[in-house]
Amino acid sequence: MFNNTIRKTHAIRTAAACVAFALMSAGAQAATDIPFWHSMEGELGKEVNSLADRFNKEHTDVKIVPVYKGNYEQNLAAGIAAYRAGNAPAILQVYEVGTATMMASKAIKPVYEVFKDAGINFDESVFVPTVSGYYTDAKSGHLLSQPFNSSTPVLYYNKDAFKKAGLDPEQPPKTWQQMADYTAKLRSAGMKCGYASGWQGWIQIENFSAWNGLPVATKNNGFDGTDTVLEFNKPTQVKHIQLLQDMNKKGDFTYFGRKDEPTEKFYNGECAMTTASSGSLANIREHAKFNYGVGMMPYDADAKGAPQNAIIGGASLWVMGGKDAATYKGVAEFMQFLAKPENAAEWHQKTGYLPITTAAYELTQKQGFYEKNPGADIATRQMLNKPPLPFTKGMRLGNMPQIRTVVDEELESVWTGKKTPQQALDSAVERGNALLRRFEQSTK
């Protein structure tokens, strides 16, 4: 009798445990995983994970799963390959020069349609116009992707090195002519490297051109048609590359690589100045062991009307096609979460990327962040310096990642002395135009 009672009690407990486990399993299965492939590493990756964790705590039916997939080129290639294989992520972070490629593909679901289908009345006007305009479809007037980590290049400089060289640590060079003078003085004061810069196409061609009121290509840099032609081999751009070549020969400008290698050389104290993404601020803040400042990009003192306005870099979030309704609803909720003023402001403040919404910018001002962190508003001020001209609002060129590679190759031939600046830019334009024609044909 006693043994029977024990057996019955054990059976009841076992059954109860099974029911509980089944309920837990059902609850776990109810949450829809939403893969989010990105290119944010280091401190930036930590912030992406933090945003996802906060969202996931507020939403039990969906789970954002951030996955680092390498740099921008690697992530885009991985996303395209995954789509072709039928296992693309729900959200893919794509850098700004991939915009034309994504627009022309059949792999995406426009973000405005994602909101509409999810029944979320999302106001696209919350985004800063100069940011959202980059990702807006000219025909519908709606966003194709959602701005996320938008940036402009800024000048980072070592204040301690400036003091040692007898330079005012509160006055970074404003023009490229001053840059040449400052780097010579910094080198004379013992700095191994006066100035370094990566992302040559974005900084030394695209943003140099916009900042000095010049087009990179016809058809307003491709916004008005795929039959655009590159034209960055004009006298002002050639003169700029010549100045850098002269600095390079003297040892005042050092080329370390195509991506973020110069940023590391800066925060390690080897280089006195670098032009890099405003989004590099998080890593510089984490690693620099010296006093540093943030200044605007230098401009050409001889360029009429300069400085004009900077054009954005960074990336936006694209929603991939072929997903179910539950996934798209979760994606829409996450996009809405990212655009909330408190979340967009925190992302801006912790990373150095631009405040992508007007409310985030106003909240950051109200919190006194810019007063406590001088220079943190430089990227925004550059972007809003003057109303953009038709050809300084951004770039929308097909095969742009490949064109940037061409620019890298041609400028590297200048730094090694194999070509003159004019020869290199002429070749870059010729090779780039061939890539544009190939893209134009593919869209017909």
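Backbone N, Cα and C define each Cβ position, glycine as well.
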Q: Could you look at SER188, SER277, SER442 and say which one Swiss-Prot places alongside TYR72, GLU96, SER151, GLY314, TYR353, ARG404 in the sn-glycerol 3-phosphate site?
A: SER277
**Q.** List of residues, in chain order, with Cβ under 8 A from that of ARG404 (sn-glycerol 3-phosphate binding site) and at least 6 apart
**A.** VAL97, GLY201, TRP202
Q. Including all protein chains shown, what's the count of other C-beta atoms within 10 A of the C-beta of GLU96 (sn-glycerol 3-phosphate binding site)?
A. 27
Q) Three-state secondary structure of TYR353 (sn-glycerol 3-phosphate binding site) from DSSP? A) coil
Q: Pick out which of the binding-site residues TYR72, TYR353 has the most other Cβ atoms within 10 Å of its own Cβ.
A: TYR353
